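**Q** Next up is a structure, given as structure tokens.
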Amino acid sequence: MADAEIRRRLEELRRQIHHHNRLYYVENQPILSDREFDRLLDELIHLESENPDLYDPSSPTQRVGGKPLEGFESIRHAVPMLSLNNTYNEGDLIEFDVRVRRFLGQQEPGPYAIELKIDGIGIALHYDKGRFQTGVTRGDGTQGDNVTENLRTIRSLPLVLSQSRSGHSAIPPQLEVRGEVFFRRSAFETLNAERLQRQEKPFANPRNACAGTLKLLDPSLAARRPMDLIVYTFVGAGNHGFASHIESLLWLKSIGFPVNPLLERAASIQEVIRLWRDWDVQRQKLDYETDGLVVKIDHLDIQQSLGFTAKSPRWAIAAKFDTSEAITRIKDIVLQVGRTGTVTPVADLEPVALLGTTIHRASLHNADEIQRLDVRVGDTVAVEKGGEIIPKVTRVLIDRRSGLEKPYTFPRNCPICKELLSREEGEVAVRCTNDFCPAQRKRRILHFASRAAMDIEGCGTAVVDQLVDAGLVNDASDLYILDPADLMSLPGFAEKSALNLVEAIRKSRRPDLHRFLFALGIRHVGAGAAKILAAKYKSLKMIQKAGLEDLEDLENIGKVMASSIHDYFNNDRSLAYLKRLNERGVKPKIVEGRKDEKATPFSGKAVVLTGTLSTLTREEAKTAIENAGGRIVSTVSSRTDFVFAGEKPGSKIRKAHDLGLSVRSEDDLREMLGLPVRKRLL
């Protein structure tokens, strides 16, 4: 593969994975199976390892995954909730065992602790002197949503802990326990039956029901939905005298926490594989969804020796079960046009039951996938719910063809506006490049009005369709010149509903800067990146003035996103759109510093961290520096103010010396932050 092709593939993989991370973690509307997502991530990891010169700090391989949901207080995890490396095959499990032994100098890793991986919502539970205080979702692994009041409604969650009768260890004054909130299958079926009786839309699966319940603003509604809890660890177990992971779980059980009773030790990796095969068969008998086994080294001292990568622990791996499938027939292939013009083929299916839900549609992803599978209208196909959630067509049953099936030819023209479709070199996506395509315009306006963006209540799909089809709105700026009379000319609008929508639009005229930036729909810029831009530049005017290099220096932005931002604010059409919004009263707020904010050594300074810190995690150091007014940048340049080096620093330290920058120690960092010397916890 040529260098240019490698670069394009890397950028496309990073873009796709960032997009699917957001769909999964933020919107809870994933469209890829776990296995398909893992294939993309594995390809990216391989390409990056083979091409270290194309390193990008904003790559999803440097992150855990998605961002916290809007609408709840965001709380930072003192110790990040990392994800696990996944595998679907025995060879990877054997390689994991070999890798652990190599890291330990061929030392026997001891037994493995085996737990079923529950398919729910990850949660961190904080206890103060044995009483439940706060519950936080996993979020993106570094910060999540405060859902304490909804968690209090879970009957299996202990609000007050009981002292262990085993005499092993007293309950520490501050305790953080981690687990999974989920619905049992029986409770989920009852919940959906009740929703159908009330003529409400049923939940697609237990995980979606759980995510939706945790986001309810009214805890009394959450209390009517019987969520459950199983815990799987607590922070700092090795510091409380426990020798093994299973021993620590039994202690958690003894003080009142629900732990999975299906907990086993395996003496070897071969025994792990045997248990994996057994549970793949037995899991359908369980009263909850499970998508694999979690395999951990049981000895806590060995866990601590192995430590962590930036993304996951070295001492654990998730052995995923293979996905399930059903057989059905394709009635038609339809096309959907997204707000960026991407045209996605979707199979319209004869309804089929699969793992507790009825499937009507399944993704075909792109034109290449249709060609690869040789999918035809009328074909009998296998449909898979990846990770037991997401439907997609995986194969065609050629032997069932009758001869009446019709080959599908991907159209040359957009199904909506009839403009020619295009496909950039190196991309699989086919796009409609007509910015005035009604489908794109509708999707852009919907995005602009969405809750995470301008939060215009009542401006949903049906309303936007009417406004665009009637010619009342061409882009989102036209929303701000609507009057009640315009709306009352449309079917379904009475005076009150028209007045309510106009008032909701009026209220959105002074959005937070980060919401406005997200609402613009700049390619690659999600809600998290919008917050980074707003925090750094404070105003729309300053963002428009930002140079490309300055944007590239921002943590978690990267070259591709920086280029997209820079291009947007230097595009005549974008500038005209921004001018119309401004003239119609849309003026995002300027981000102001806290009134009690005092100058610190880090105020307005660009800071680089390199190496491993011994008394702070990287995330703790980053948060403390940002709270002190500094900003973390990923590369050393002439614009860098401070470089702090921990153990085993990388090439950044050489770059700093070459530029004549002084390199400071971790002790200097703590002193400048005003932190006392302390021992590092887990």
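The backbone N, Cα and C atoms fix where each Cβ goes, glycine too.
Unlike curated records, TrEMBL annotations are generated automatically.
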**Q** Quick check on the annotation: TrEMBL has D34, R35, E36, F37, D38, S83, L84, E115, R138, K296, K320 binding NAD(+), so which of E176, E180, E350 does it put in that site too?
**A** E180
**Q** Relative to the Cα of K296 (NAD(+) binding site), which of the recorded positions K117, C414, C417, C437 has the closest Cα?
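**A** Minimum Cα distance from K296 (NAD(+) binding site) across K117, C414, C417, C437 lands on K117.
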**Q** List the helix, strand and coil residue totals of the domain 'BRCT' (597-664) as derived from DSSP.
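**A** Helix/strand/coil tally for the domain 'BRCT' (597-664): 17 helix, 16 strand, 35 coil.
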**Q** Of the recorded positions K117, C414, C432, which one sits closest to L84 (NAD(+) binding site) when you measure Cα to Cα?
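**A** For L84 (NAD(+) binding site), the spatially nearest of the recorded positions is K117.
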**Q** Counting only residues 6+ apart in the same chain, whose Cβ is under 8 Å from the Cβ of D38 (NAD(+) binding site)?
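**A** Long-range Cβ contacts: N86, Y88, K320.
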**Q** Counting across all protein chains shown, how many other Cβ atoms sit within 10 Å of the Cβ of D34 (NAD(+) binding site)?
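**A** 23, counting other Cβ atoms within 10 Å of D34 (NAD(+) binding site).
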**Q** Averaged over the domain 'BRCT' (597-664), what pLDDT does the predicted model reach?
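**A** Mean pLDDT across the domain 'BRCT' (597-664) comes out at 80.
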**Q** Looking at the binding-site residues C414, C417, C432, C437, which one has the fewest other Cβ atoms within 10 Å of its own Cβ?
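**A** Checked C414, C417, C432, C437; of these binding-site residues, fewest Cβ neighbours within 10 Å: C417.
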**Q** Determine the Cβ neighbour count for K296 (NAD(+) binding site): the number of other Cβ atoms within 10 Å of its Cβ.
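**A** Other Cβ atoms within 10 Å of K296 (NAD(+) binding site): 23.
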**Q** Just the number: how many Å between the Cα atoms of C432 (Zn(2+) binding site) and R138 (NAD(+) binding site)?
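**A** A Cα-Cα distance of 37 Å.
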